[in-house]
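Per TrEMBL, these features apply:
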DOMAIN    B:32-216  domain 'FtsK'
BINDING   B:48, B:49, B:50, B:51, B:52, B:53, B:54, B:55  ATP binding site
Ligand SMILES: Nc1ncnc2c1ncn2[C@@H]1O[C@H](COP(=O)(O)OP(=O)(O)O)[C@@H](O)[C@H]1O
Ligand SMILES: [Mg+2]
């Protein structure tokens, strides 16, 4: 089910939706978080308030315990409810956390250096750091790989928002950390209830396109928890080079060559050299078969049924 | 053939130092890490398009095996050009090479079946379940290139059936008694290799395929849709394959490459040491 279908009349009644405008998803998500926050507030208030009141009766007069329980419950419940209510904001901060941290570091560094030296030296330091990242190949590769990690997290978010069918609250996979791997990036995801690995599997082609990658694979990260998965986003072909074999490295070089039996070399190697007679000479059979084998092997493959199940059973 | 070595040699041949129980280096994976196979306790099926690099992978394994002191080769290659290179070495090591001759193939497989029965009797007598390196047992490696030639192309249907049955028996029971089967074929669909045989291989290597379905036939159902699709392997990079080990996740591996010269060098060396070196009669541990 695509996200766009939330507002359709078909689902309207069943899911208790109030509006049918285009922005119904956003509204619905917001509504759901607020409602959850409210319920959580009352539950936490009750539980924490009760505990605080009971504990404080050991030290205070029972009458004084009631306001203390109320205050403690309100504070804790309020905090928890606030986190839930502003979760969409926190999530957005989490999405941009690396960028925010980086920007803060840049600005802080500048301010800090301003206090110690003059702006020209600060500028020179910044310029040399940037030049080093751009000119030293090792650093450049590392910086680029990190930059791709940042880009990919945002691309994935866009992907999920645009074509991953979410649950009825619009929950999307939680995008965890990304790290560079030789072929591209590996991104950990936490699947929310209502999502499954298979849903991502069916969208791998689109994810690859959105991430400007060659291909994407999805794998369970833990055997004990189906919600934790990782995507390998592959954009570099690292297996193009020749891999040498170490087997001959340590061999002595003065080994006498073995005498290979010299077979009588056949001279007639063209089709015309083999007359069209039904010869069943057993000595010739293997040679003929040898030449034909690949073609014969190939033929049955084409005639196999297209149905994958037929092939399997 | 001993006449070839008439003049005395200056150096004393050293015995092959590796063991079949050692991990076999086959290439590097996508992370640049070396990839290894544990050959003794696993059978390997490698499959994919012609020209994908199946025979090169097998050459790596054969090369490693011949450098092991505890290896007895059984090589079957209807095309001669790949495993045929090792014919002399196989003879010198007390093994056999079989060309495109299904009857000879059947004979050697029947012999292997008897060996297997005896090895199991030995295990039963010792109250054990599998051979260990400490048993100093010879590992009989059965390498079959172009398996389809014997199972679907040549011979009578009865011969093909018997061939399949014998290979299936070796694949099913050979693991514990140190007789691994390594087979290569192009497309392991039912008409070429029965599913009952294909599914017994612990290691599968999927070289480039023409369809996602072919890839799934090799690796197992569903991997292509998770992105592990041998069809996506770049045709300009032969030797790249998805390797799946029992119950694991497929890994993309690039096989190491052995050139003809390197193989000849290896063949010369292993034949030489086996013909001239002390042949240590390896006895089973008591
Ligand atoms: N690991 C590899 N590295 C480099 N080139 C390879 C590799 N494997 C195969 N090739 C190239 O591909 C060609 C075909 O390989 P081959 O093993 O004969 O294919 P197959 O047996 O699958 O038909 C080889 O001759 C070689 O040039
Ligand atoms: Mg081949």
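Cβ coordinates come from backbone N, Cα and C, glycine included.
The model shown is predicted, which means the values in this text are computed figures rather than measured ones.
Using the Cβ center of B:48, B:49, B:50, B:51, B:52, B:53, B:54, B:55 for ATP, the list of other same-chain residues with Cβ within 8 Å runs, in sequence order, B:186, B:207, B:208, B:238. For residue B:55 (ATP binding site), the same-chain residues 6+ apart in sequence whose C-beta sits under 8 angstroms from its C-beta are B:82, B:145, B:184.
Less than 8 angstroms from a Cβ of chain A: among the binding-site residues B:49, B:50, B:52, that describes B:50. Taking every protein chain shown into account, B:48, B:53 are the binding-site residues, and of these the Cβ with the most other Cβ atoms within 10 Å belongs to B:48. Ligand 2 lies under 6 Å from the Cβ of B:55, out of the binding-site residues B:48, B:49, B:55. Taking a C-beta cut-off of under 8 angstroms and a sequence separation of 6 or more, residue B:50 (ATP binding site) has the following same-chain neighbours: B:186. The Cβ neighbour count for residue B:51 (ATP binding site), using a 10 Å radius over every protein chain in view, is 12. Counting only same-chain residues six or more apart in sequence, the Cβ atoms lying under 8 angstroms from the Cβ of residue B:52 (ATP binding site) belong to B:207, B:208, B:233, B:238, B:239, B:241.
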